[in-house]
(Lines of atoms letter the chains of each structure in order from A and count residues from 1; the text may use other names and numbers.)
(Lines give C-alpha, C1' and ligand atoms only; values in the text may rest on other atoms or scores of the structure.)
Protein backbone atom coordinates (compact mmCIF):
# COMPACT_ATOMS: atom_id res chain seq x y z
CA UNK A 1 0.00 0.00 0.00
CA UNK A 2 1.82 3.03 -1.25
CA UNK A 3 -1.12 5.23 -2.18
CA UNK A 4 -2.37 8.26 -0.30
CA UNK A 5 -4.13 5.94 2.10
CA UNK A 6 -1.01 4.10 3.25
CA UNK A 7 -0.76 3.26 6.93
CA UNK A 8 1.94 5.88 7.46
CA UNK A 9 -0.01 8.74 5.90
CA UNK A 10 -3.05 7.72 7.87
CA UNK A 11 -1.17 7.58 11.17
CA UNK A 12 0.45 10.92 10.41
CA UNK A 13 -2.75 12.84 9.72
CA UNK A 14 -5.18 10.92 11.90
CA UNK A 15 -4.73 13.13 15.02
CA UNK A 16 -5.54 16.33 13.10
CA UNK A 17 -8.56 14.65 11.49
CA UNK A 18 -9.76 13.51 14.91
CA UNK A 19 -9.39 17.06 16.25
CA UNK A 20 -11.39 18.53 13.36
CA UNK A 21 -14.10 15.89 13.65
CA UNK A 22 -14.38 16.52 17.40
CA UNK A 23 -14.68 20.28 16.89
CA UNK A 24 -17.33 19.71 14.22
CA UNK A 25 -19.18 17.21 16.41
CA UNK A 26 -19.38 19.51 19.44
CA UNK A 27 -20.25 22.55 17.28
CA UNK A 28 -23.17 20.73 15.69
CA UNK A 29 -24.47 19.69 19.10
CA UNK A 30 -23.90 23.11 20.67
CA UNK A 31 -23.02 26.06 18.38
CA UNK A 32 -21.72 28.08 21.32
CA UNK A 33 -18.79 25.65 21.43
CA UNK A 34 -17.12 27.61 18.62
CA UNK A 35 -17.57 31.07 20.22
CA UNK A 36 -14.41 33.09 20.92
CA UNK A 37 -15.29 32.99 24.60
CA UNK A 38 -15.32 29.21 24.70
CA UNK A 39 -12.24 28.84 22.50
CA UNK A 40 -10.43 31.18 24.90
CA UNK A 41 -11.56 28.99 27.79
CA UNK A 42 -10.20 25.89 26.04
CA UNK A 43 -6.87 27.54 25.28
CA UNK A 44 -6.44 28.83 28.84
CA UNK A 45 -6.94 25.36 30.29
CA UNK A 46 -4.71 23.89 27.57
CA UNK A 47 -1.79 26.32 27.97
CA UNK A 48 -0.11 24.90 31.14
CA UNK A 49 -0.77 21.32 30.00
CA UNK A 50 0.72 22.14 26.61
CA UNK A 51 3.99 23.31 28.21
CA UNK A 52 4.28 20.11 30.26
CA UNK A 53 3.36 17.97 27.25
CA UNK A 54 5.99 19.70 25.10
CA UNK A 55 8.64 18.84 27.68
CA UNK A 56 7.73 15.18 27.80
CA UNK A 57 7.50 15.05 23.99
CA UNK A 58 11.29 15.26 23.72
CA UNK A 59 11.64 12.41 26.19
CA UNK A 60 9.13 10.21 24.38
CA UNK A 61 10.85 10.92 21.04
CA UNK A 62 13.96 9.38 22.63
CA UNK A 63 11.89 6.29 23.44
CA UNK A 64 12.06 7.00 27.18
CA UNK A 65 9.31 8.27 29.44
CA UNK A 66 9.18 10.92 32.13
CA UNK A 67 6.60 10.61 34.89
CA UNK A 68 8.13 13.26 37.17
CA UNK A 69 6.08 16.20 35.89
CA UNK A 70 3.65 16.42 38.81
CA UNK A 71 6.47 16.79 41.33
CA UNK A 72 8.51 19.13 39.14
CA UNK A 73 5.53 21.40 38.46
CA UNK A 74 4.65 21.58 42.17
CA UNK A 75 8.20 22.35 43.30
CA UNK A 76 8.76 24.97 40.57
CA UNK A 77 5.41 26.60 41.34
CA UNK A 78 6.01 26.69 45.08
CA UNK A 79 9.59 27.99 44.87
CA UNK A 80 8.46 30.56 42.30
CA UNK A 81 5.71 31.79 44.62
CA UNK A 82 8.01 32.02 47.65
CA UNK A 83 10.70 33.86 45.69
CA UNK A 84 8.15 36.13 44.01
CA UNK A 85 6.66 37.21 47.33
CA UNK A 86 10.08 37.51 49.02
CA UNK A 87 11.35 39.78 46.23
CA UNK A 88 8.50 42.23 46.63
CA UNK A 89 5.55 40.47 45.06
CA UNK A 90 5.20 42.54 41.91
CA UNK A 91 6.57 42.01 38.42
CA UNK A 92 7.58 45.68 38.20
CA UNK A 93 10.09 45.22 41.02
CA UNK A 94 12.82 42.66 41.48
CA UNK A 95 10.25 39.89 41.70
CA UNK A 96 10.52 39.15 37.97
CA UNK A 97 13.72 37.30 38.93
CA UNK A 98 11.45 34.56 40.31
CA UNK A 99 10.48 33.62 36.73
CA UNK A 100 13.97 32.55 35.58
CA UNK A 101 14.53 31.05 39.04
CA UNK A 102 11.54 28.73 38.57
CA UNK A 103 12.86 27.61 35.19
CA UNK A 104 16.24 27.00 36.80
CA UNK A 105 14.58 24.88 39.50
CA UNK A 106 12.87 22.84 36.77
CA UNK A 107 16.20 22.39 35.00
CA UNK A 108 17.92 21.18 38.18
CA UNK A 109 15.19 18.65 38.98
CA UNK A 110 15.28 17.43 35.36
CA UNK A 111 19.05 17.18 35.53
CA UNK A 112 18.91 15.07 38.71
CA UNK A 113 16.19 12.97 37.11
CA UNK A 114 18.35 12.37 34.03
CA UNK A 115 21.42 11.56 36.09
CA UNK A 116 19.52 9.08 38.28
CA UNK A 117 18.11 7.41 35.16
CA UNK A 118 21.32 7.30 33.11
CA UNK A 119 24.06 6.93 35.71
CA UNK A 120 22.27 4.46 37.99
CA UNK A 121 20.93 2.65 34.93
CA UNK A 122 17.31 2.65 36.13
CA UNK A 123 14.55 2.51 33.48
CA UNK A 124 13.27 6.04 32.99
CA UNK A 125 9.64 5.35 33.87
CA UNK A 126 10.60 4.21 37.35
CA UNK A 127 13.42 6.69 37.94
CA UNK A 128 11.16 9.56 36.95
CA UNK A 129 8.16 8.23 38.88
CA UNK A 130 10.31 8.11 42.02
CA UNK A 131 11.68 11.60 41.33
CA UNK A 132 8.10 12.80 40.90
CA UNK A 133 7.23 11.44 44.35
CA UNK A 134 10.32 13.17 45.78
CA UNK A 135 9.24 16.42 44.09
CA UNK A 136 5.71 16.29 45.45
CA UNK A 137 7.18 15.47 48.85
CA UNK A 138 9.57 18.41 48.63
CA UNK A 139 6.72 20.76 47.68
CA UNK A 140 4.74 19.47 50.67
CA UNK A 141 7.74 19.99 52.94
CA UNK A 142 8.29 23.55 51.67
CA UNK A 143 4.67 24.62 52.03
CA UNK A 144 3.74 22.50 55.03
CA UNK A 145 0.49 21.88 53.16
CA UNK A 146 -0.39 25.59 52.87
CA UNK A 147 -1.49 27.43 49.74
CA UNK A 148 0.54 30.42 48.64
CA UNK A 149 -1.41 33.18 46.95
CA UNK A 150 0.17 35.15 44.13
CA UNK A 151 -2.11 38.13 43.61
CA UNK A 152 0.14 40.55 41.73
CA UNK A 153 -1.98 42.17 39.03
CA UNK A 154 0.87 42.38 36.54
CA UNK A 155 1.57 38.64 36.84
CA UNK A 156 -2.08 37.67 36.82
CA UNK A 157 -2.28 39.84 33.70
CA UNK A 158 -1.17 36.69 31.89
CA UNK A 159 -4.75 35.58 32.46
CA UNK A 160 -6.70 38.82 32.74
CA UNK A 161 -5.19 40.88 29.88
CA UNK A 162 -6.64 39.89 26.53
CA UNK A 163 -5.53 40.47 22.97
CA UNK A 164 -8.11 39.64 20.30
CA UNK A 165 -10.17 37.83 22.88
CA UNK A 166 -7.42 35.53 24.10
CA UNK A 167 -5.42 35.99 27.35
CA UNK A 168 -1.71 36.74 27.05
CA UNK A 169 -0.79 33.33 28.46
CA UNK A 170 -2.13 31.75 25.28
CA UNK A 171 0.35 33.77 23.22
CA UNK A 172 3.11 32.87 25.65
CA UNK A 173 2.24 29.21 25.14
CA UNK A 174 2.31 29.64 21.35
CA UNK A 175 5.72 31.29 21.63
CA UNK A 176 7.03 28.28 23.56
CA UNK A 177 5.62 25.92 20.94
CA UNK A 178 7.78 27.80 18.44
CA UNK A 179 10.76 27.49 20.79
CA UNK A 180 10.10 23.75 21.04
CA UNK A 181 9.79 23.50 17.28
CA UNK A 182 13.09 25.38 16.88
CA UNK A 183 14.85 23.02 19.30
CA UNK A 184 13.36 20.00 17.57
CA UNK A 185 14.20 20.94 14.00
CA UNK A 186 17.05 23.42 14.08
CA UNK A 187 19.39 22.29 16.85
CA UNK A 188 21.79 19.37 17.09
CA UNK A 189 20.24 18.34 20.39
CA UNK A 190 16.80 18.15 18.76
CA UNK A 191 18.06 15.99 15.94
CA UNK A 192 19.92 13.81 18.42
CA UNK A 193 16.65 13.04 20.25
CA UNK A 194 15.37 11.49 17.03
CA UNK A 195 18.64 9.62 16.50
CA UNK A 196 18.42 8.07 19.98
CA UNK A 197 14.74 7.25 19.53
CA UNK A 198 15.23 5.77 16.08
CA UNK A 199 17.81 3.29 17.29
CA UNK A 200 19.93 3.75 20.34
CA UNK A 201 22.63 1.26 19.42
CA UNK A 202 23.06 2.75 15.97
CA UNK A 203 23.23 6.25 17.45
CA UNK A 204 25.86 5.05 19.90
CA UNK A 205 27.80 3.29 17.17
CA UNK A 206 27.89 6.47 15.08
CA UNK A 207 29.69 8.20 17.90
CA UNK A 208 26.81 9.96 19.60
CA UNK A 209 27.15 10.49 23.34
CA UNK A 210 23.77 8.95 24.12
CA UNK A 211 24.06 9.42 27.89
CA UNK A 212 24.64 13.13 27.47
CA UNK A 213 21.72 13.52 25.07
CA UNK A 214 19.45 11.71 27.52
CA UNK A 215 20.48 13.82 30.52
CA UNK A 216 20.13 17.05 28.53
CA UNK A 217 16.72 15.86 27.33
CA UNK A 218 15.46 15.41 30.87
CA UNK A 219 16.88 18.81 31.83
CA UNK A 220 15.12 20.47 28.90
CA UNK A 221 11.88 18.71 29.83
CA UNK A 222 12.23 20.03 33.40
CA UNK A 223 12.50 23.58 32.07
CA UNK A 224 9.30 23.19 30.07
CA UNK A 225 7.53 21.75 33.15
CA UNK A 226 8.59 24.86 35.08
CA UNK A 227 7.09 27.11 32.38
CA UNK A 228 3.93 25.02 32.69
CA UNK A 229 4.04 25.60 36.45
CA UNK A 230 4.29 29.38 35.94
CA UNK A 231 1.26 29.40 33.65
CA UNK A 232 -0.65 27.17 36.06
CA UNK A 233 0.05 29.61 38.92
CA UNK A 234 -0.93 32.56 36.69
CA UNK A 235 -4.16 30.78 35.83
CA UNK A 236 -5.40 30.11 39.37
CA UNK A 237 -3.31 32.57 41.40
CA UNK A 238 -2.28 29.87 43.87
CA UNK A 239 0.86 27.74 44.26
CA UNK A 240 0.57 24.58 46.36
CA UNK A 241 1.54 20.91 46.52
CA UNK A 242 -1.50 20.07 44.43
CA UNK A 243 -0.54 22.45 41.61
CA UNK A 244 1.04 19.53 39.77
CA UNK A 245 -1.93 17.17 40.18
CA UNK A 246 -3.25 15.53 37.04
CA UNK A 247 -0.45 16.77 34.77
CA UNK A 248 1.01 13.28 34.40
CA UNK A 249 -2.10 11.63 33.02
CA UNK A 250 -3.02 14.67 30.90
CA UNK A 251 0.36 15.23 29.31
CA UNK A 252 1.18 11.61 28.52
CA UNK A 253 -2.28 11.15 27.04
CA UNK A 254 -1.89 14.31 24.96
CA UNK A 255 1.50 13.36 23.56
CA UNK A 256 0.43 9.84 22.66
CA UNK A 257 -2.94 10.90 21.24
CA UNK A 258 -1.12 13.51 19.15
CA UNK A 259 0.71 10.72 17.36
CA UNK A 260 4.15 10.65 18.97
CA UNK A 261 4.86 6.94 19.30
CA UNK A 262 5.89 5.57 22.71
CA UNK A 263 8.62 3.59 20.91
CA UNK A 264 10.41 6.80 19.99
CA UNK A 265 11.71 8.38 16.83
CA UNK A 266 8.34 9.55 15.50
CA UNK A 267 6.28 12.68 16.14
CA UNK A 268 7.13 16.07 17.54
CA UNK A 269 5.88 19.36 18.95
CA UNK A 270 3.11 19.86 16.35
CA UNK A 271 1.72 16.44 17.18
CA UNK A 272 1.74 17.43 20.82
CA UNK A 273 -0.09 20.68 20.08
CA UNK A 274 -2.80 18.70 18.29
CA UNK A 275 -2.87 16.10 21.08
CA UNK A 276 -3.27 18.70 23.85
CA UNK A 277 -6.06 20.34 21.86
CA UNK A 278 -7.83 16.99 21.36
CA UNK A 279 -7.69 16.27 25.10
CA UNK A 280 -8.92 19.74 26.05
CA UNK A 281 -11.59 19.89 23.36
CA UNK A 282 -12.96 16.61 24.67
CA UNK A 283 -12.84 17.85 28.27
CA UNK A 284 -14.51 21.16 27.42
CA UNK A 285 -16.92 19.75 24.84
CA UNK A 286 -18.29 17.15 27.22
CA UNK A 287 -19.11 19.88 29.73
CA UNK A 288 -20.57 22.16 27.05
CA UNK A 289 -22.96 19.50 25.75
CA UNK A 290 -23.94 18.70 29.33
CA UNK A 291 -22.07 15.48 30.17
CA UNK A 292 -20.78 15.20 33.74
CA UNK A 293 -17.11 16.11 34.21
CA UNK A 294 -16.17 12.85 35.88
CA UNK A 295 -16.44 10.88 32.62
CA UNK A 296 -13.33 12.65 31.43
CA UNK A 297 -10.70 10.41 33.05
CA UNK A 298 -12.32 7.28 31.68
CA UNK A 299 -12.58 8.74 28.18
CA UNK A 300 -8.96 9.86 28.26
CA UNK A 301 -7.90 6.44 29.52
CA UNK A 302 -9.62 4.67 26.65
CA UNK A 303 -8.32 7.27 24.20
CA UNK A 304 -4.70 6.73 25.20
CA UNK A 305 -5.04 2.96 24.81
CA UNK A 306 -6.55 3.34 21.34
CA UNK A 307 -3.81 5.79 20.37
CA UNK A 308 -1.00 3.48 21.51
CA UNK A 309 -2.59 0.51 19.78
CA UNK A 310 -2.97 2.43 16.50
CA UNK A 311 0.61 3.71 16.58
CA UNK A 312 2.12 0.30 17.25
CA UNK A 313 3.48 -1.78 14.41
CA UNK A 314 2.69 -5.14 15.88
CA UNK A 315 4.89 -7.14 13.54
CA UNK A 316 8.04 -5.51 14.85
CA UNK A 317 7.73 -6.29 18.54
CA UNK A 318 7.48 -9.58 20.34
CA UNK A 319 6.33 -8.49 23.80
CA UNK A 320 6.07 -5.52 26.12
CA UNK A 321 6.51 -5.30 29.87
CA UNK B 1 31.52 -13.40 52.10
CA UNK B 2 30.87 -11.18 49.13
CA UNK B 3 28.07 -8.74 48.45
CA UNK B 4 26.15 -11.08 46.14
CA UNK B 5 25.94 -13.67 48.94
CA UNK B 6 24.62 -11.14 51.46
CA UNK B 7 22.21 -9.43 49.07
CA UNK B 8 19.25 -11.83 49.46
CA UNK B 9 19.47 -11.41 53.26
CA UNK B 10 19.64 -7.62 53.23
CA UNK B 11 15.87 -7.01 53.56
CA UNK B 12 15.41 -8.84 56.89
CA UNK B 13 18.74 -7.56 58.21
CA UNK B 14 17.50 -4.05 57.43
CA UNK B 15 14.19 -4.76 59.16
CA UNK B 16 15.81 -6.15 62.33
CA UNK B 17 18.32 -3.29 62.49
CA UNK B 18 15.60 -0.69 62.05
CA UNK B 19 13.47 -2.26 64.78
CA UNK B 20 16.47 -2.31 67.12
CA UNK B 21 17.44 1.29 66.33
CA UNK B 22 13.93 2.58 66.97
CA UNK B 23 13.64 0.31 70.03
CA UNK B 24 16.85 1.69 71.53
CA UNK B 25 15.65 5.22 70.79
CA UNK B 26 12.34 4.59 72.56
CA UNK B 27 11.71 1.28 74.32
CA UNK B 28 7.94 1.85 74.22
CA UNK B 29 8.16 0.98 70.53
CA UNK B 30 9.01 -2.63 71.40
CA UNK B 31 5.90 -3.27 73.53
CA UNK B 32 3.98 -6.17 71.92
CA UNK B 33 0.78 -4.16 71.93
CA UNK B 34 2.44 -1.38 69.99
CA UNK B 35 4.06 -3.72 67.48
CA UNK B 36 0.79 -5.57 66.89
CA UNK B 37 -1.21 -2.42 66.26
CA UNK B 38 1.52 -1.17 63.92
CA UNK B 39 1.26 -4.39 61.90
CA UNK B 40 -2.55 -4.23 61.87
CA UNK B 41 -2.49 -0.67 60.58
CA UNK B 42 -0.24 -1.54 57.65
CA UNK B 43 -2.39 -4.48 56.45
CA UNK B 44 -4.33 -2.65 53.69
CA UNK B 45 -1.03 -1.48 52.25
CA UNK B 46 0.42 -4.97 52.60
CA UNK B 47 -2.47 -6.54 50.69
CA UNK B 48 -2.05 -4.04 47.87
CA UNK B 49 1.70 -4.68 47.84
CA UNK B 50 1.06 -8.45 47.59
CA UNK B 51 -0.76 -7.89 44.32
CA UNK B 52 1.88 -5.46 43.10
CA UNK B 53 4.50 -8.15 43.78
CA UNK B 54 2.95 -10.54 41.27
CA UNK B 55 3.02 -7.90 38.53
CA UNK B 56 6.55 -6.68 39.29
CA UNK B 57 7.62 -10.33 39.47
CA UNK B 58 6.87 -10.66 35.74
CA UNK B 59 8.66 -7.38 35.01
CA UNK B 60 5.57 -5.16 34.76
CA UNK B 61 4.06 -2.50 37.01
CA UNK B 62 0.53 -1.76 38.20
CA UNK B 63 -0.04 1.98 38.51
CA UNK B 64 -3.81 1.45 38.79
CA UNK B 65 -3.65 -0.23 42.23
CA UNK B 66 -4.38 2.98 44.12
CA UNK B 67 -7.30 3.95 41.86
CA UNK B 68 -8.75 0.44 42.10
CA UNK B 69 -8.56 0.62 45.90
CA UNK B 70 -10.17 4.07 45.80
CA UNK B 71 -12.94 2.70 43.63
CA UNK B 72 -13.64 -0.25 45.92
CA UNK B 73 -13.92 1.98 48.99
CA UNK B 74 -16.81 3.62 47.13
CA UNK B 75 -18.24 0.35 45.79
CA UNK B 76 -18.18 -1.20 49.27
CA UNK B 77 -19.87 1.81 50.87
CA UNK B 78 -22.53 2.19 48.18
CA UNK B 79 -23.30 -1.54 47.91
CA UNK B 80 -23.36 -2.26 51.66
CA UNK B 81 -27.03 -1.34 52.35
CA UNK B 82 -28.32 -3.44 49.42
CA UNK B 83 -25.98 -6.42 49.32
CA UNK B 84 -24.60 -6.65 52.85
CA UNK B 85 -21.61 -8.94 52.81
CA UNK B 86 -22.18 -9.47 49.08
CA UNK B 87 -20.59 -6.04 48.65
CA UNK B 88 -17.24 -7.75 49.24
CA UNK B 89 -17.87 -10.02 46.27
CA UNK B 90 -18.69 -7.02 44.07
CA UNK B 91 -15.41 -5.37 45.09
CA UNK B 92 -13.38 -8.49 44.36
CA UNK B 93 -15.01 -8.99 40.96
CA UNK B 94 -14.55 -5.32 40.03
CA UNK B 95 -10.85 -5.49 40.94
CA UNK B 96 -10.37 -8.76 39.04
CA UNK B 97 -12.07 -7.32 35.97
CA UNK B 98 -10.06 -4.11 35.87
CA UNK B 99 -6.81 -6.01 36.43
CA UNK B 100 -7.69 -8.54 33.74
CA UNK B 101 -8.48 -5.77 31.25
CA UNK B 102 -5.13 -4.08 31.99
CA UNK B 103 -3.42 -7.42 31.50
CA UNK B 104 -5.24 -8.05 28.25
CA UNK B 105 -4.36 -4.59 26.92
CA UNK B 106 -0.72 -5.10 27.88
CA UNK B 107 -0.24 -8.56 26.43
CA UNK B 108 -2.59 -8.65 23.48
CA UNK B 109 -2.49 -5.04 22.34
CA UNK B 110 1.20 -4.43 23.20
CA UNK B 111 0.58 -1.36 25.34
CA UNK B 112 3.31 -1.10 28.01
CA UNK B 113 1.91 -1.88 31.45
CA UNK B 114 2.66 1.53 32.93
CA UNK B 115 0.42 3.11 30.26
CA UNK B 116 -2.32 0.48 30.29
CA UNK B 117 -2.60 0.51 34.09
CA UNK B 118 -2.45 4.31 34.21
CA UNK B 119 -5.30 4.41 31.69
CA UNK B 120 -7.37 1.79 33.52
CA UNK B 121 -6.69 3.76 36.70
CA UNK B 122 -8.39 6.70 34.97
CA UNK B 123 -11.38 4.49 34.20
CA UNK B 124 -11.54 3.31 37.83
CA UNK B 125 -11.29 6.90 39.06
CA UNK B 126 -14.18 7.98 36.84
CA UNK B 127 -16.24 5.03 38.04
CA UNK B 128 -15.51 5.99 41.66
CA UNK B 129 -16.55 9.59 41.05
CA UNK B 130 -19.72 8.48 39.29
CA UNK B 131 -20.72 6.01 42.03
CA UNK B 132 -19.96 8.36 44.87
CA UNK B 133 -21.55 11.43 43.28
CA UNK B 134 -18.12 13.08 43.83
CA UNK B 135 -18.55 13.11 47.63
CA UNK B 136 -17.13 11.32 50.65
CA UNK B 137 -19.59 8.64 51.84
CA UNK B 138 -20.06 7.02 55.23
CA UNK B 139 -21.12 3.50 56.17
CA UNK B 140 -24.00 2.93 58.52
CA UNK B 141 -22.37 1.63 61.73
CA UNK B 142 -24.83 -1.23 62.40
CA UNK B 143 -24.80 -2.40 58.78
CA UNK B 144 -21.02 -2.26 58.72
CA UNK B 145 -20.65 -4.25 61.92
CA UNK B 146 -23.22 -6.77 60.70
CA UNK B 147 -21.52 -7.44 57.38
CA UNK B 148 -17.86 -6.66 57.96
CA UNK B 149 -17.42 -6.54 61.75
CA UNK B 150 -15.36 -9.73 61.47
CA UNK B 151 -12.73 -7.87 59.48
CA UNK B 152 -11.83 -5.36 62.15
CA UNK B 153 -12.56 -7.21 65.41
CA UNK B 154 -9.86 -8.94 67.39
CA UNK B 155 -9.31 -12.41 68.87
CA UNK B 156 -6.66 -13.49 71.40
CA UNK B 157 -5.43 -9.90 71.39
CA UNK B 158 -4.67 -10.02 67.68
CA UNK B 159 -6.66 -7.76 65.32
CA UNK B 160 -8.44 -9.61 62.54
CA UNK B 161 -6.77 -7.52 59.85
CA UNK B 162 -3.63 -9.48 60.59
CA UNK B 163 -5.43 -12.79 60.07
CA UNK B 164 -6.81 -11.54 56.78
CA UNK B 165 -3.35 -10.44 55.67
CA UNK B 166 -1.90 -13.79 56.76
CA UNK B 167 -4.52 -15.78 54.85
CA UNK B 168 -3.85 -13.77 51.68
CA UNK B 169 -0.10 -14.11 52.18
CA UNK B 170 -0.40 -17.90 52.55
CA UNK B 171 -2.71 -18.04 49.53
CA UNK B 172 -0.34 -16.10 47.29
CA UNK B 173 2.64 -17.97 48.71
CA UNK B 174 0.94 -21.26 47.82
CA UNK B 175 0.24 -19.93 44.31
CA UNK B 176 3.82 -18.76 43.95
CA UNK B 177 5.68 -21.82 45.18
CA UNK B 178 3.36 -24.83 44.91
CA UNK B 179 1.45 -24.37 41.64
CA UNK B 180 2.36 -24.53 37.96
CA UNK B 181 1.07 -20.96 37.72
CA UNK B 182 3.73 -19.87 40.21
CA UNK B 183 6.47 -21.67 38.30
CA UNK B 184 5.25 -20.15 35.05
CA UNK B 185 5.24 -16.72 36.68
CA UNK B 186 8.89 -17.20 37.56
CA UNK B 187 9.69 -18.37 34.04
CA UNK B 188 8.07 -15.28 32.54
CA UNK B 189 9.87 -13.05 35.02
CA UNK B 190 13.23 -14.67 34.37
CA UNK B 191 12.96 -14.39 30.59
CA UNK B 192 9.79 -13.87 28.64
CA UNK B 193 11.06 -14.99 25.24
CA UNK B 194 12.42 -18.23 26.70
CA UNK B 195 9.08 -18.82 28.40
CA UNK B 196 7.26 -18.39 25.08
CA UNK B 197 9.73 -20.71 23.37
CA UNK B 198 9.17 -23.41 25.99
CA UNK B 199 5.51 -23.47 25.11
CA UNK B 200 4.04 -21.62 28.08
CA UNK B 201 0.86 -19.67 27.49
CA UNK B 202 2.50 -16.40 28.50
CA UNK B 203 -0.57 -14.34 27.66
CA UNK B 204 -2.75 -16.26 30.09
CA UNK B 205 -0.13 -16.10 32.84
CA UNK B 206 0.37 -12.35 32.50
CA UNK B 207 -3.34 -11.55 32.32
CA UNK B 208 -3.86 -13.65 35.46
CA UNK B 209 -1.05 -11.82 37.28
CA UNK B 210 -2.60 -8.43 36.50
CA UNK B 211 -6.07 -9.71 37.44
CA UNK B 212 -4.80 -10.95 40.81
CA UNK B 213 -3.10 -7.61 41.38
CA UNK B 214 -6.39 -5.85 40.69
CA UNK B 215 -8.21 -8.22 43.01
CA UNK B 216 -5.77 -7.72 45.88
CA UNK B 217 -5.86 -3.95 45.40
CA UNK B 218 -9.64 -4.21 45.64
CA UNK B 219 -9.43 -6.22 48.86
CA UNK B 220 -7.00 -3.63 50.23
CA UNK B 221 -9.53 -0.92 49.39
CA UNK B 222 -12.36 -2.91 50.98
CA UNK B 223 -10.44 -3.44 54.22
CA UNK B 224 -9.40 0.22 54.31
CA UNK B 225 -12.96 1.39 53.77
CA UNK B 226 -14.27 -0.91 56.53
CA UNK B 227 -11.54 0.36 58.87
CA UNK B 228 -12.43 3.99 58.18
CA UNK B 229 -16.16 3.20 57.87
CA UNK B 230 -16.63 5.04 54.58
CA UNK B 231 -15.47 5.59 51.04
CA UNK B 232 -14.44 8.32 48.63
CA UNK B 233 -12.71 8.51 45.22
CA UNK B 234 -9.53 9.76 46.93
CA UNK B 235 -9.61 7.81 50.21
CA UNK B 236 -6.67 5.53 49.37
CA UNK B 237 -4.50 8.25 47.81
CA UNK B 238 -0.95 7.94 49.04
CA UNK B 239 -0.94 4.12 48.85
CA UNK B 240 0.82 3.74 45.51
CA UNK B 241 4.28 4.97 46.50
CA UNK B 242 4.64 2.93 49.72
CA UNK B 243 3.19 -0.16 47.98
CA UNK B 244 5.87 -0.04 45.27
CA UNK B 245 8.50 0.78 47.90
CA UNK B 246 7.42 -2.25 49.97
CA UNK B 247 7.86 -4.62 47.02
CA UNK B 248 11.26 -3.24 46.00
CA UNK B 249 12.71 -2.79 49.50
CA UNK B 250 11.67 -6.38 50.18
CA UNK B 251 13.99 -7.50 47.42
CA UNK B 252 11.81 -8.16 44.37
CA UNK B 253 13.62 -6.15 41.69
CA UNK B 254 11.91 -4.14 38.99
CA UNK B 255 13.29 -6.56 36.42
CA UNK B 256 11.34 -9.43 37.99
CA UNK B 257 12.18 -13.11 38.29
CA UNK B 258 13.45 -13.19 41.91
CA UNK B 259 11.97 -12.28 45.27
CA UNK B 260 8.30 -12.89 45.96
CA UNK B 261 5.47 -12.39 48.40
CA UNK B 262 7.44 -13.19 51.57
CA UNK B 263 9.93 -10.51 50.56
CA UNK B 264 7.03 -8.13 50.28
CA UNK B 265 5.95 -8.94 53.85
CA UNK B 266 9.42 -7.90 55.02
CA UNK B 267 9.35 -4.85 52.74
CA UNK B 268 5.97 -3.76 54.09
CA UNK B 269 7.18 -4.13 57.68
CA UNK B 270 10.21 -1.99 56.80
CA UNK B 271 7.83 0.68 55.50
CA UNK B 272 5.78 0.42 58.70
CA UNK B 273 8.84 0.72 60.96
CA UNK B 274 10.16 3.71 59.00
CA UNK B 275 6.77 5.41 59.35
CA UNK B 276 6.63 4.66 63.06
CA UNK B 277 10.22 5.79 63.59
CA UNK B 278 9.35 9.17 62.10
CA UNK B 279 6.77 9.54 64.84
CA UNK B 280 9.19 8.46 67.55
CA UNK B 281 12.02 10.67 66.35
CA UNK B 282 9.57 13.55 65.84
CA UNK B 283 10.36 13.98 62.16
CA UNK B 284 7.76 16.17 60.49
CA UNK B 285 5.12 14.10 58.70
CA UNK B 286 5.45 16.33 55.64
CA UNK B 287 8.90 14.80 55.06
CA UNK B 288 7.50 11.30 54.73
CA UNK B 289 6.74 11.32 51.03
CA UNK B 290 10.14 12.74 50.12
CA UNK B 291 11.92 10.17 52.24
CA UNK B 292 10.00 7.28 50.69
CA UNK B 293 10.72 8.67 47.22
CA UNK B 294 14.44 8.68 47.93
CA UNK B 295 14.26 5.19 49.49
CA UNK B 296 12.49 4.04 46.32
CA UNK B 297 15.34 5.27 44.12
CA UNK B 298 17.92 3.58 46.34
CA UNK B 299 15.91 0.35 46.45
CA UNK B 300 15.51 0.19 42.67
CA UNK B 301 19.14 1.02 42.02
CA UNK B 302 20.42 -1.63 44.41
CA UNK B 303 18.08 -4.50 43.40
CA UNK B 304 17.69 -4.10 39.64
CA UNK B 305 19.31 -6.79 37.46
CA UNK B 306 21.16 -4.76 34.86
CA UNK B 307 22.25 -7.79 32.83
CA UNK B 308 18.62 -8.13 31.74
CA UNK B 309 18.47 -4.63 30.29
CA UNK B 310 20.36 -4.34 27.04
CA UNK B 311 19.51 -0.68 26.69
CA UNK B 312 18.06 1.28 29.59
CA UNK B 313 15.22 3.35 28.17
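Just so you know, the numbers here start at 1 and follow the chain as drawn.
Here the Cβ of each residue, glycine as well, is placed from N, Cα and C on the backbone.
All TrEMBL annotations are machine predictions without curation.
As recorded in TrEMBL:
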- A:12-30: transmembrane segment (TRANSMEM)
- A:42-65: transmembrane segment (TRANSMEM)
- A:71-87: transmembrane segment (TRANSMEM)
- A:94-116: transmembrane segment (TRANSMEM)
- A:122-142: transmembrane segment (TRANSMEM)
- A:163-183: transmembrane segment (TRANSMEM)
- A:215-234: transmembrane segment (TRANSMEM)
- A:246-266: transmembrane segment (TRANSMEM)
- A:286-311: transmembrane segment (TRANSMEM)
Query raised in the report: Taking the transmembrane segment (A:42-65) as the reference, which of A:122-142, A:163-183, A:215-234, A:246-266, A:286-311 gives the largest number of Cβ pairs under 8 angstroms?
Result: A:246-266
**Report entry** Result, the transmembrane segment (A:94-116) in contact with the transmembrane segment (A:122-142) (3+ CB pairs under 8 Å)
**Finding:** yes
Query - Ranked first among A:12-30, A:71-87, A:94-116, A:286-311 for CB pairs under 8 angstroms with the transmembrane segment (A:215-234) - result: A:94-116
**Report entry** Contacting positions for the transmembrane segment (A:94-116) when only residues 6+ beyond its ends and CB under 8 Å are counted
**Finding:** 66, 68, 71-72, 75-77, 79-81, 83-85, 87-88, 122, 127-128, 130-131, 135, 152, 214-227, 229-230
